[in-house]
Amino acid sequence: MKFSILKASALAQLMIASLATAQTWSACNPMKRTDCPPNPALSGTYTYDFTKNNAEAPDFIASGQGNIHYEKDGAHFRLAKRLDGPLITSRFYIMYGKVEVQMKAAAGLGIVSSVVFQSDVLDEIDWEWLGGNANEVQSNYFGKGDTSSFDRGAFHPVDNHLQSHTYTVEWTADSVIWSIDGNVVRTLTPDQVSGGDLYPQTPMQIKLGIWAGGDPDNSEGTILWAGGLTDYTKAPFDMIVEKVTIQDYSKGKYYLYTDKSGSAKSIKADNGVIGEAPPKVTTTSHPPIASSEATPAPAPIINLDENRVTKENATNPDGINLSPVTTGSNPKVTDATSIRIGNEESNSDFDAPSSAVKYNLSPFVVVSSVVVLAFSSFVAQL
């Protein structure tokens, strides 16, 4: 009986914590304002091989505490001490597309490696790896920041994520497909989403980063989800990114919201078109990534959204579910290499987010937490 009570209490805390984890803040949310700047479009294919360039990726913005070390085996997103959490965010957006990341997730109890699609209206598609369990990866998605249900997340087996694997997300109007090394592990379609408007459908930036979910200042629910307390005496913890390939399935100079609905129908491409057929991967510096011909049956999906947690302080500067607050002067990407953004060859300096991050808890989360604690106390006295 005591075990059941403790287990129920722990699950309740995780569920409560998960209610505020999707994005709850955006620098400018087009569903709330009409003066938000347009989203600069990738409008093509972006490929960057960290193992061959040994330098920062052009047209990505670095933020968060900590450093990224560029070595022969790739970009080391290093969590060397408490409060570190290096992150890079694309300057450009894609409106449907495909993202492939060849990488090694970080080891370490409580350490979280992440690859995230994120939009200004709080649509989101995620990969997340917990350093305490090298044999699985988590997939998730959010629509408009909604956290009212617990049926979005899934665990997927992987053969030692500390070794190199290629993780892919292909996102279209018809489906989101997560794949590992060319093998499909999950497919999401709009009809599977409670409330079709919560299917991710707005222009996304791409973010890669590492953070300590097991930091002692995080909530108990966060620490439990991350696998336990982080032991900083075992630092550094490195997430190693080897290569990134990003395809935009739409074309244009900018993507613009024409109303406050946050729907795909409200998105227009400046001097372009939304959702063309997937383009072929082309690059002038490296050969295209080969695609797998075989597609095995998807692995079983296990609900994990009740384990989704809030990142409440600077121990999570990667903004997995929250956009960073822009303050002060911002860093700029100065790499001489340029890519085509929209219809122009450009190294233009879009504003970069600072390392300052804001996280919000909804009133419902606070009230629910009090109710759960009171209930747990009552049951414990029985």
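We number each residue from 1, going along the chain as drawn.
A Cβ is built for glycine as well, from the same backbone N, Cα and C atoms used for every other residue.
In TrEMBL, annotation is done automatically, which means it is predicted and not curated.
Annotated features in TrEMBL:
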| type | residues | note |
| --- | --- | --- |
| SIGNAL | 1-22 | signal peptide |
| DISULFID | Cys28-Cys36 | disulfide bond |
| DOMAIN | 32-241 | domain 'GH16' |
| ACT_SITE | Glu124 | active site, nucleophile |
| ACT_SITE | Glu128 | active site, proton donor |
| REGION | 276-297 | region 'Disordered' |
| REGION | 314-333 | region 'Disordered' |
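Taking the domain 'GH16' (32-241) as a whole, pLDDT averages 96 in the prediction. Reported as a whole number, the C-alpha separation between Cys36 (disulfide bond) and Glu128 (active site, proton donor) equals 29 Å. Sparsest Cβ environment among the disulfide-bonded residues Cys28, Cys36 (other Cβ atoms counted within 10 Å): Cys28. If you take the Cα of the residue listed as 'active site, nucleophile' and the Cα of Cys28 (disulfide bond), they are about 16 angstrom apart, rounded to a whole number. Of all Cβ atoms in the protein chains displayed, 23 besides its own lie within 10 Å of the Cβ of Glu124 (active site, nucleophile). Using a 10 Å Cβ-Cβ cutoff, the residue listed as 'active site, proton donor' registers 21 neighbours.
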